[in-house]
């Protein structure tokens, strides 16, 4: 009995020493070495891929943002500022009280299933809004023109991208609100569209923040 | 190019990359666990541990090493979280509550990485980097060690593949746990993680130690950013089939998985070691073709499931997806449906549980595939080490079934599968379903656990079935609508993870010991040729039938009901 207690104690002591030594190697030396290399070689990326407009940091090219009008009195959710390209919906963690919609203190998905009533309502409402907002003089958005990403929330709730199809149906609205020719805005979208990596990895996409920065420059020039 | 074709091409590129790495990595790992030389840094580590790496252990001693190391790890990680509030470098986060700290400690030590906390709101630099990420390394290394011990059980005594410094091997000895633990970490996991982490930073994953800070936005106002050693943790999180995200959104978060290429690369890291271990196995038992037969079984299931997943996700049945015109809820634009489907199958057929898209918002059948993938026991290719020993147990069962059919005493790799061996194998395959089904039934029968569901009906049941399937199989992914931060779920899932990890290891090591004591029997004309395609077919069938019969009623109530209704 006494012997087995001593043996167990000795074994646990060896286990603890192993854990502490391996913690130094994998929990201190390894992350510090990687941080050193990362900060030395790719400091922009290692610090969050910040992006500037007019010399001022306006966010990260990897993290989505909202482009809304200031909250008016009595409003709970702000209205989108239709002058700018709009991102995907971000219903975040839904009923969670800290759903922050692109504020990044908490990332997450809605986790609603395909037959969930909330999700069905959100998708319907989003689709109606996309059609209404983007149907402008002489251009009507058909329900079949609205791509799935325009009416669904992403996995992180921080998706920086929209599909080229969603950007395309916003072109007429953007042109009208900013007093620009449609062709010029379409050209901007085409320039900002990134294809699949090596032609087959991932999906074509448009980074909304980069697109809006380019749009801002275009508006300033004209 | 259509998204479907792009998805298929991504899968083919992945297969090509894995095939290229298969031979060199598999052979290298066989060398690591067979060499009798110690690196200088390893000698320092052994001195720090106070263990002699040349002592051969029989199975009870090996098991005691595994359990002692893991018990100390649970306790250490628990205490680290409990004192977080007073540690520097904790970003102002408070200490974690006892039930959640227990759950998280059990989760990371058991290689599960189930998370009932929100990473960016709960865990500071010290706990993430010095606690959780450390377990990402060592729990993976423990898994490989146990698998290697089982392989040695088959290989002994006719091949000497051991690190005993020239002393002859006696029967029943399985190697040295401390040596296997340290070698796996130092020679395999760290070098690949270093390369992986640097590639991920080059893609845009963050790697810094800044605190929570504000960054200005385009329209004015600001966003709150967390800093963190994300890339270094992301690399080992995937490579060690761990899966615990730095952020709540896991590998869907752009700071963890910034580009389509990083997505494919992370899937590659997940699958790399589990597939290559079949080559290691073949090398160590002295027949590469035996390894290929196991590999073929894994690949058949993996590709079959991936194809099914792509089919159902591109078809996007379900009321909300029909209106939206695609199953993009919970998926990122840069990965699309194809990249998300490949990731979802890879993460659930291994013990990873990282997600680049949220499984709860997959189609009914797609969600069912993720659950079934875990229920197969995570063996195609499975977790680091756990995948190999899991499928070898299934191989023993398959050999046994074939033996019953022809009325011969079954043998596998020259070792007789007698009463003792089949008992251990049977206990192994019973423990996980028992945990999953009993805990699920209890949670459904009790009045309060159901309050944690976000969705109702069949999908609500699936949330709970998923949770215990994920916990007991050490996966860690979730139908994350379930609010799992309750005392009930923290405690029961914590227990499911520990029992689902360490009881099977007991049976694996006991089996290894039993095999190692046997003299090999020569193959005769009546021996089942386990390196032939016929055996691969038999093994695939055995895996699907055994799992199917065990879980079909539960699957019918959840994902099948949802999938067939839409």
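Even glycines carry a Cβ here, placed using N, Cα and C.
Matching B:212-231, B:232-251, B:292-311 against TrEMBL, the residues noted as transmembrane segment span B:292-311. Annotated by TrEMBL as transmembrane segment, the relevant range among B:327-346, B:347-366, B:367-386, B:387-406 is B:387-406.
Listed ranges B:167-186, B:407-426, B:427-446; the one TrEMBL annotates as transmembrane segment is B:427-446. Nonlocal intrachain contacts for the transmembrane segment (B:493-513), taken as residues 6+ away from its ends with a CB within less than 8 angstroms of a stretch CB, comprise 58-60, 62-63, 66-67, 70, 74, 99, 102-103, 106-107, 109-112, 114, 116, 146-147, 149-150, 152-153, 172, 174, 386, 389-390, 393, 396, 421, 424-425, 427-428, 431-432, 435-436, 439, 467-468, 471-474, 484. Of the recorded ranges B:61-80, B:188-209, B:261-280, B:387-406, B:534-556, the transmembrane segment (B:292-311) has the largest number of C-beta contacts under 8 angstroms with B:534-556.
Long-range contacts of the transmembrane segment (B:427-446) within its own chain (CB-CB distance under 8 A, at least 6 residues past either end) are made by residues 375, 377, 393-394, 397, 461, 464-465, 468-469, 471-473, 488-489, 492-493, 496, 499-500, 503-504, 507-508, 511, 546, 550-551, 554.
Here the transmembrane segment (B:261-280) has Cβ contacts under 8 Å with residues 10, 13-14, 17-18, 21-23, 25-27, 29-30, 33, 140, 144, 147-148, 151, 188, 192, 196, 199-200, 203-205, 234-235, 238-241, 251, 288, 291-292, 294-295, 298-299, 302, 334-335, 339, 342-343, 346-347, 350, 352, 354, 356, 381-385, 387-388 of the same chain, all six or more residues outside its ends. With a cut-off of 8 Å between Cβ atoms, the residues of this chain six or more beyond the transmembrane segment (B:61-80) that come close are 87, 101-102, 104-106, 108-110, 126-127, 130-132, 135, 138-139, 142, 145-146, 149, 174-175, 177-178, 181, 498, 502, 505-506, 509-510, 512.
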